[in-house]
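**Student:** Dumping the structure here so I can ask a few things about it.
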Amino acid sequence: MLDKLRIPPVLLDLATLLAGLGVPLAFAPFEHGTLVYPALVVLLASWQTGTPGRAFWRGYLFGFGLFGFGVYWLHISINLFGGVNMVLALAATYLLVAFLALYPALVGWLLRRFFSHRPAIALLLAAPALWVLAEWLRSWLFTGFPWLNLGYSQLDLPLAGFMPLLGVYGVSWLVVLLAGLLTLTVLRTSWQRRTAAIAAGVALVLLAAAVNERRWTSAQGEPLQAALVQGAVPQALKWKSEQLQNTMRLYRDLSAPHWQQADLIIWPETAIPAFAHQIDDYLELLREQSRVTDTPLVLGLATREAGQQDYHNSILSIGHHEDVYHKRHLVPFGEYLPLKALLDPLLSFLQIPMSDFTPGTADRPLLELGTLTAGVSICYEDVFGEQVIQALPEAGVLINISNDAWFGDSIAPHQHLQMARARALESGRYMLRATNTGISAIIDERGRIKQRSPQFEPDALIAEMRLFSGLTPYARFGNGVIIIICLLSLGVALWLMVSGRKQ
């Protein structure tokens with residue numbers, strides 16, 4: 001149909017770029033989740049005309065718009081806190097954007113190369129499968145960057161009901177499937193086929209609404225009170241030696257009113273900018289307070305084991321029962337340097353404090369807190385859903401400590417909070433999220449924010465939480481189910497294409 005309209009190819013190219021630029025509006029903080037559908041319709045329709053090379057280019061333009069707007073904030077930490085001038089910081093950011101844009105570009109090329117001339121097969125079988133496989137590949141290749149997966153945009157819409165079943169990748173698959181049905185209504189000239197596509201889309205949304213009513217996990221015991229402490233120490237001051245005593249006093253004072261009331265107190269990632277062994281006296285005071293009130297304290301600290309040179313980004317529990325978890329999934333160039341022997345001069349050039357951590361080796365991200373067990377993650381570890389569910393079923397609650405101050409007053413902290421909500425929904429557990437400058441939040445097992453902090457203000461949230469038991473289907477099977485669905489869909493699509501040509 002697009003060929004019949006004779007739309008100039010360059011206009012379709014421009015349309016895909018603009019569509020990609022619009023997609024971040026579907027995510028936090030904008031949260032116009034339905035905007036993802038017209039954007040995908042433009043992209044999918046553009047892939048139904050032209051050569052495979054043109055489809056690659058249109059996918060690339062779409063991806064460049066998506067990531068160019070969606071993760072522009074990466075330059076903030078490089079420039080303001082890494083000591084790199086703005087030009088180089090922007091160049092580094094958009095070099096990454098240029099790489100990330102290759103994923104949708106590859107989807108477009110494959111779709112046009114192998115599934116041309118059969119729109120229904122391309123849009124309903126191949127496109128959802130290829131898109132999700134590309135998102136999944138992006139989540140682990142070169143340590144992974146699973147930002148802006150389409151499924152996150154649906155957290156407050158009916159399709160979110162599938163997150164406990166299939167995870168965020170499953171919802172991404174459904175998003176592209178629904179967009180494919182919408183695209184067919186645009187491309188089809190037969191009213192019968194348009195009606196069938198619309199009916200299938202409506203049925204999918206109704207099914208999602210029904211699934212959303214299902215409860216996969218159950219609350220255990222009485223409600224508990226959790227206090228999340230946010231110091232809001234500016235990143236520019238945090239690591240200055242003269243600020244250390246002020247920071248320790250601030251967190252102690254913010255916590256003081258809650259020792260008697262709360263069942264659990266949580267401080268954020270590297271709450272105190274020092275090694276644990278450097279503040280032994282301070283930690284002993286906290287330990288005594290925790291034991292007197294029978295209130296466990298969870299806090300983030302840099303740690304170094306006795307007799308070892310390696311240091312870790314860690315989360316500790318202090319009180320009657322003490323435990324430690326070392327961050328396993330480190331941020332490349334921020335917490336460790338890939339190819340260190342080759343790139344070691346970058347460490348001094350970037351001037352990022354604590355930028356040579358050693359990853360932890362724990363099999364599972366668990367932290368014992370006396371009478372309860374928590375599944376824990378540090379910073380962006382919580383964007384990797386399959387790593388979070390490794391703590392289940394033992395963990396009755398999820399805890400994430402983060403420092404989004406690296407990205408200033410940008411959209412990044414909002415996007416990160418949205419992904420934390422998805423982890424709560426996927427696992428059927430409360431997520432307690434403590435951050436340095438916001439957004440700290442208490443999120444229930446349905447992914448709903450029960451209470452949140454203002455950004456850049458000292459605060460101590462206290463709210464009711466519940467422990468949960470049981471496993472959602474996603475927690476039981478992980479991403480394996482949706483990957484198998486995608487591979488089977490591709491297999492069926494290829495078989496239909498081959499059998500159709502033989503006939």
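Cβ from N, Cα, C; glycine included.
Pasting the relevant annotations from TrEMBL:
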- 229-467: domain 'CN hydrolase' (DOMAIN)
- 60-81: transmembrane segment (TRANSMEM)
- 87-111: transmembrane segment (TRANSMEM)
- 123-142: transmembrane segment (TRANSMEM)
- 162-187: transmembrane segment (TRANSMEM)
- 194-211: transmembrane segment (TRANSMEM)
- 477-498: transmembrane segment (TRANSMEM)
**Student:** In terms of Cβ proximity under 8 Å, which residues at least six beyond the ends of the transmembrane segment (87-111) contact it?
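**Tutor:** Distant contacts of the transmembrane segment (87-111): 20, 43, 47, 52-53, 55-64, 66-68, 71-72, 74-76, 78-79, 122, 126-127, 130-131, 134-135, 137-138, 145.
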**Student:** Report yes or no: does the transmembrane segment (477-498) come within contact of the transmembrane segment (60-81), defined as 3 or more CB pairs under 8 Å with a sequence separation of 6 or more?
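**Tutor:** Contact between the transmembrane segment (60-81) and the transmembrane segment (477-498): absent, because fewer than 3 Cβ pairs are under 8 Å.
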**Student:** So if I exclude everything within five residues of the ends of the transmembrane segment (60-81), which remaining residues of that chain have a CB under 8 angstroms from its CBs? That is, six or more out.
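**Tutor:** That would be 13, 16-24, 27, 39, 43, 88-90, 92-94, 96-98, 100-105, 108, 147-148, 235-236, 334, 350, 352, 406-408, 410-412, 415.
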